[in-house]
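*Asks:* Per TrEMBL, the features are:
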- 42-47, 196-197, 221-227, 246-250, 315-318, Ala375: GTP binding site (BINDING)
- Ser46, Thr227: Mg(2+) binding site (BINDING)
Amino acid sequence: MSPQAQDAERQRMIDMEISEQQKAASIEDEEKVKLLLLGTGESGKSTIFKQMRILYGSPKTDDDLRMYGVIVRSNIVTAVRKLCLLTRQLGYEKKLDEESKAATAADLSDCSGMTPRESYDQIIAYLVDNTAPEPFPDIPKEQSQKDWVGRSNRAGIQANLDAQQFLQHVEAIRVLWQSATIQDVWMKRAQANINDSHNEYLSDLTRIADTKYIPTEYDILISRVRTTQVTVERYIIDQIQFEVYDVGGQRSERRKWVNCFENVDAVIFVAALSEYDQTLAEAKRHNRMIEALNLFESVVKNANFADTSIMLFLNKKDIFAEKILYSNIADSPFFSDYAGPPKDFDHGVLYFIQKFEEHLEEDEFNDSFIHVTCATDTNNMEFVLDSSRTIIMTDNLRRAGFLGCD
């Protein structure tokens, strides 16, 4: 065979191999189920993403647990800092002064020019018993500085610094949290976008401050880290590969969504029921529920999802059930048309379901399925996700022509 013929044969073999690889990749893509988690910021998308890891993923590594330990402690400091700022905004410093016999001579009225971190430290100092036998140590005695400062590179510098703040001031934080005034401020937390679940951390400070602290699954589920990038996890469930995408929900992060919109089999849109009286963290004058409704409409009408299963998870039902006891839905100027009983869970849920259904047209091809969820409840989420998986697979079979379209 001539050199030219040998080259031609070699090229033919290469082309055949590439063709086979492309066919294999195409078959593999057809067997994948691509699932997007969409919704506004702090709606619970990432908590659902973490539940999927618990239910279908690998066990957490020691490195994962170290990272979440830092995040939990950082979340506590963030919550306390926001509580302190809200205390000042509400004009409750005098109430704290009257309540605390151990108040220092600090003048909180001079805090207006301070940074949030300085304000937090000032109020903590204000409440600490200045008759304590010794000041709080800069470093817990049981931990070396190397272990304490560099606990988790994955958690980020700010989270590690906040975790240090927690360990330094845990007793002061305890005094603060036990204050009746701060408990009153907590009931107004919607004004400061404070995470609704972080009171559970604040009520369990001794365990979390322990040098041998290992976060539980529940600690991890209620932890909060803003999603600033697209995160992908792959799971094999019943011999089918699911590719799950979690993307940031804040307005500044949504421009990244379009990169994930191709070849999507299903969308889970997450909205928090409890956010009817809250504003966006990134736009204080905009109601969170209205933002979720508008965003949901843009998703269901997106041409990329014309043949995609869309499921709506109305999340945080537990917080919603608690909140409606003291925050009437109809008191919100955005939902003044609510005519149900003011403290009725079922009527409230039905009202918001109807609000979302208003954005669905009867002749739209997409099938939308609604679940009322508590993302931190693993049993609830296991049932909901199993049901959703069945819906997704049934829709895929229908689109492939294996099922009728009745």
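Placed from the backbone N, Cα and C atoms, the Cβ positions cover glycine too.
Those TrEMBL annotations? Automatic predictions, nothing curated.
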*Asks:* Count, for each of the binding-site residues Leu221, Ala375, the other C-beta atoms lying within 10 angstroms of its own C-beta, and report the residue with the smallest count.
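*Replies:* Minimum Cβ neighbour count within 10 Å, taken over the binding-site residues Leu221, Ala375, occurs at Leu221.
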*Asks:* Among all chains shown, work out which of the binding-site residues Val225, Val247 has the most CB atoms within 10 A of its CB.
*Replies:* Val247
*Asks:* For Asn315 (GTP binding site), just give me the three-state DSSP call.
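*Replies:* The residue in question, Asn315 (GTP binding site), is strand (DSSP, three-state).
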*Asks:* Around the Cβ of Glu42 (GTP binding site), how many other Cβ atoms lie within 10 Å? Please give the count over every shown protein chain.
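*Replies:* Total other Cβ atoms inside 10 Å, all chains included: 23.
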*Asks:* Ser46 (GTP binding site) has how many other Cβ neighbours within 10 Å of its own Cβ?
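*Replies:* So the number of other Cβ atoms within 10 Å of Ser46 (GTP binding site) is 25.
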*Asks:* In sequence order, which same-chain residues at least six apart have a C-beta under 8 angstroms from Asn315 (GTP binding site)?
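*Replies:* Result: Ser43, Gly44, Thr47, Ile48, Val270, Ala271, Ala272, Leu273, Thr373, Cys374, Ala375.
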